[in-house]
Amino acid sequence: MVATWELIFTVVPGVILFLFGIENFSKEILAVARGRFAAILGELTTNRYKGLLLGAGITALVQSSAATTVIAINLVNAGTISFVQSLGIIIGSNIGTTITAQLVAFKLTSFGPAFIIAGFLIGLIGGRYKFLGKPLFYFGLVFFGLTLVNNGIDPYKNDPLVLELLGGIAFLPLAIFVGFLVTTAFQSSSVTTGLVVILAQQGMITMPEAIPFLLGANIGSTTTALFASRGLDLFARRAAAAHTIFNVGGVLLILPFLVPFVDLITWIGGTEAQQVANAHLIFNVVASGIFILALHPFSRLVIRAVPGEEEEILFRTVAIRKDMPKSPDEALPLIEEEVIHLYDITHRAFDAAIGVFDAAKPPRVYQKAGKLELVNDYIDEEIEKAVFVLSREALPEPEGMKTMLLVRISNELERLGDLSRDLAKVGRNAHRKGSPFPKGQVEAIRGIYRIFDGNIQELAKNFPHSNKETINSLRARDIELQRALNLEYSLYLKRIAQLNESGDSRYLEVLSILEAANGKIRDIRKLTEDYSALWEENSQPD
């Protein structure tokens with residue numbers, strides 16, 4: 001009994017230090033990287049192999065596949081990277097996480113105290129490299145925690161009871177389950193793999209007995225991402241599901257080949273601990289290679305497993321790029337194309353905002369409306385940047401006027417997008433308070449919106465041109481919309497007077513937002529007329 005408590009009080013503190021160290025080491029590395037982490041993931045995942053290498057590299061650096069996967073899932077939810085782009089990162093993170101087992105197998109954990117002292121002194125002295133102090137300190141704690149576990153287990157390596165217990169759970173299905181359970185409990189596969197390698201170092205389990213624990217740890221590592229994806233959009237949930245399908249699929253693929261796999265690891269050689277670490281590495285590299293090559297069938301499988309009709313909304317420009325041409329003749333058409341894209345995003349944001357009022361799942365629709373409004377802001381910023389770069393050149397007067405008008409049109413569309421956000425908030429708040437808008441009011445709102453929607457679509461369809469027929473059509477629709485608003489105001493006030501009630505200010509707020517939106521459309525129409533006049537003037541032969 002005393003020996004049992006001794007084992008607990010030596011091993012458990014080591015595991016706690018390891019967990020504390022690895023969690024804070026990840027946080028410190030990400031804090032040093034700051035916003036660059038998200039930017040790097042967005043920029044370097046344009047193809048599957050870059051994503052794979054990036055996922056492996058970042059996970060090896062932060063020592064946590066869970067951190068990499070959860071961040072990738074949240075970036076999908078934010079629209080920074082696509083669901084398909086996230087797959088390379090998620091698959092690569094499994095390769096990066098094998099570094100822990102390799103470090104333990106090569107007994108590098110003995111350097112833990114040196115890292116702790118170095119990190120403490122760098123942080124204490126300060127100066128240029130102070131930012132490295134905490135990451136080094138916590139990295140040392142990771143190693144020191146594993147050293148404590150190793151030292152705690154050492155006296156029991158020949159204990160018959162301990163060996164019998166380990167022999168009993170080394171049965172394949174049970175070992176996989178134990179590996180899964182330990183990883184899920186600690187929310188870290190590195191704990192499981194580190195412990196398994198230490199047990200192999202002490203001669204308490206063999207390499208063939210260790211492999212099922214590693215397979216279970218791979219499956220257990222998926223629970224963090226699944227928990228993190230709750231409440232996120234469809235594509236983020238698909239990314240989390242992809243992590244689970246990939247890890248479970250990898251385990252199922254290797255089970256029929258377990259005997260030849262063990263023979264291969266034995267043939268490669270090394271100490272028992274090194275063989276366990278190599279098995280972990282080779283399994284994850286091979287599984288990652290299979291899934292990255294079959295990425296498209298894999299992504300289709302995930303989509304079937306997590307069905308849904310949501311639209312993937314990404315922060316992307318369609319025409320503006322980093323290497324924009326400096327010639328106005330080449331650059332202006334690209335900016336014009338991006339303005340048309342901004343029209344489309346603004347239109348979709350309003351569509352989603354109106355949808356909140358009678359949606360079956362208002363939070364989901366509100367989330368979509370909010371994301372589209374943020375994309376609206378992003379594209380407006382990108383247009384401003386492109387115009388700013390172009391304006392550095394000495395532009396002729398007509399081109400200078402064109403750039404100014406393009407920015408003003410873009411800014412007005414951005415402000416119009418803000419109104420879509422305000423509209424969506426009114427609908428969401430009504431549902432939150434348990435008093436959604438009556439059906440009659442929703443129908444009236446939709447009727448007014450149809451007139452507004454016709455205006456924004458006509459502007460987008462004809463931009464950058466604006467002939468008399470289009471202008472007359474827009475003006476007529478503007479008058480029609482204002483009449484519809486006035487009529488609705490009048491009917492609403494009459495109803496309130498008849499019922500002798502204080503009324504519902506929410507409905508007046510919606511009408512006010514739609515009226516303000518119509519005013520913005522009017523401003524955009526006038527700016528478009530000016531831009532079209534310049535365009536036609538320049539296109540006429542001298």
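Backbone N, Cα and C atoms are what each Cβ position is placed from, and that goes for glycine too.
Curation does not apply to TrEMBL; its annotations are automatic.
Keep in mind that this is a model prediction, so the values were computed, not measured.
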Give the range, chosen from 82-104, 335-357, 404-426, 496-518, that TrEMBL lists as transmembrane segment. 82-104
Check the transmembrane segment (279-298) against each of 82-104, 111-129, 210-228, 240-259 and return whichever range has the most CB pairs under 8 Å. 82-104
Quick check for me: are there 3+ Cβ pairs below 8 Å between the transmembrane segment (240-259) and the transmembrane segment (82-104), leaving out pairs under 6 residues apart? yes
How about the transmembrane segment (52-76) and the transmembrane segment (210-228): at least 3 CB pairs under 8 Å, pairs 6 or more apart in sequence, or not? yes
In terms of Cβ proximity under 8 Å, which residues at least six beyond the ends of the transmembrane segment (111-129) contact it? 135-147
